[in-house]
Amino acid sequence: MAHRRLIMTMTKMMMMVTMMMMMDKTCICADISRGSFPKGFVFGTASSAFQHEGAVKAEGRGPTIWDTFSHTFGKITDFSNADVAVDQYHRYEEDVQLMKNMGMDAYRFSISWTRIFPNGVGHINEAGIDHYNKLINALLAKGIEPYVTLYHWDLPQALHDRYLGWLNPQIINDFAAYAEVCFQRFGDRVKHWITFNEPHTFAIQGYDVGLQAPGRCTILFKLTCREGNSSTEPYIVGHNVILTHATVSDIYRKKYKAKQGGSLGIAFDVMWFEPESNKTEDIEAAQRAQDFQLGWFLDPLMFGDYPSSMRSRVGSRLPVFTGSQSSLVKGSLDFVGINHYTTYYARNNATNLIGTLLHDAVSDSGTVTLPFKGLSTIGDRASSIWLYIVPRGMRSLMNYIKHRYGNPPVFITENGMDDPNSILISRKDALKDAKRIKYHHDYLSSLQASIKEDGCNVKGYFVWSLLDNWEWAAGYSSRFGLYFVDYRDNLKRYPKDSVHWFTSFLNSTS
């Protein structure tokens, strides 16, 4: 009965948010600026170490699973790697000045675990410590606040070789030791910590479908992967990530928070899902899709356990929190980071034939999520095949978080769109990115409405990304940056039109 009441409650919540989505959309076209947002609202750009730094063998850095994966033939769309990336390791001062020129308040970047501990554990690489001290100090000297991510997918290869990394609970202690060194060495200046970036993505892409490092899966009769278990490993990885986050949070709160005055959160990848129809089964399917995405990680951190839909559908394959673990996990964050790019339709998957064939975690939700209904797409497409432009989804998602999780502090830790990188597109034409300007204008308008009209507790917004960069399995085929990086001319940075738009936006208080 309790389970049925919960389903009814969540169904009503999905219906309410869907109705809000259909409300007056005039805010989407409203003129906005920094002054449209609350005083103290943070604007910044985001990056990750592996996608931006390059210098993979410089000054004692150890190899990561993404070094291995990107050098494996056929894994990257354009057969590239991130050995150089956009060379931010050497050009950080130039890039910090670009942020300053725009009027950005903050920079979200990640620390490479193997620059601090080349083998994941053991001796500390002081050259790595020195590099991040220089970056943090350079940011602060320009009035830019560092928001530091401790893990953005670049697991030390040594730990994967030794005990399969996130599949082994040993990683909890090893990551905690790494995190504590970061708190000790950087915490006097870093006031916002993010433990993990998109655990849902690296659990699914790395351990279910095998399209990202470390490339483990059993779908399609192991045609694309040599080892793994797509029906169990994603849940084991997710469980160990949640326990690791909670352990690190406990350490920070007990030993560093009072002295350093910082806060600690985690960043999730979150699509919004609209029911494909007003049928109850599709509304419930949209809720399940969200349970198996955001709820998988945020429910334990807020409530101490996984969503009931996951418990009932995954069964014994879903790990169980002990009583003490549940207490440790519950409430172990100060803010929620949301990486939001797009919205899909969701419908009930009554037959689940594909799920029966694949027998993997993706199919467990019993939903089909697609960016089109019939012959119509949900919005215009960016360059990436998965990224459709649906600004209203931002407002709907913020309201969902408000109502389900009690309106916690939220930072939009990533939002952006890409253009294709093609030799047929001249640099002159690539700088004319009106589509990106409209994307950010409309998503920011939707976000502003969620704050001003709906009372959502959103504290900041980070653009992905300052620079074009190496986009994981897509390599250099995709350009997300506000600045164009010329890969054929010494990685020179050129401002796109969106830089000028953001500069005007950030320097206007009207």
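Keep in mind that glycine also has a Cβ here, set from the backbone N, Cα and C atoms.
Here Swiss-Prot annotates a disulfide bond for CYS217; of CYS182, CYS225, the partner residue is CYS225.
Taking CYS217, CYS225, GLU414 as the recorded positions under consideration, the smallest Cα distance to TYR341 (beta-D-glucoside binding site) is found for GLU414.
Maximum C-alpha to C-alpha distance over the listed beta-D-glucoside-binding residues GLN51, HIS152, ASN197, GLU198, TYR341, GLU414, TRP464, GLU471, TRP472, PHE480 is 18 Å. For the recorded positions GLU198, ASN278, ASN349, TRP472, a Cα to Cα distance of within 10 angstroms from ASN229 (N-linked glycosylation site) holds for none. The secondary structure of CYS217 (disulfide bond), as reduced to three states from DSSP, is extended strand. Cβ contacts within 10 Å of ASN507 (N-linked glycosylation site), excluding its own Cβ and spanning all protein chains shown: 11. With respect to Cβ neighbours within 10 Å, the disulfide-bonded residues CYS217, CYS225 differ, and CYS225 shows the lowest count. Considering only the recorded positions GLN51, ASN278, ASN349, GLU414, TRP464, the residue whose Cα is spatially closest to the Cα of GLU198 (active site, proton donor) is GLU414.
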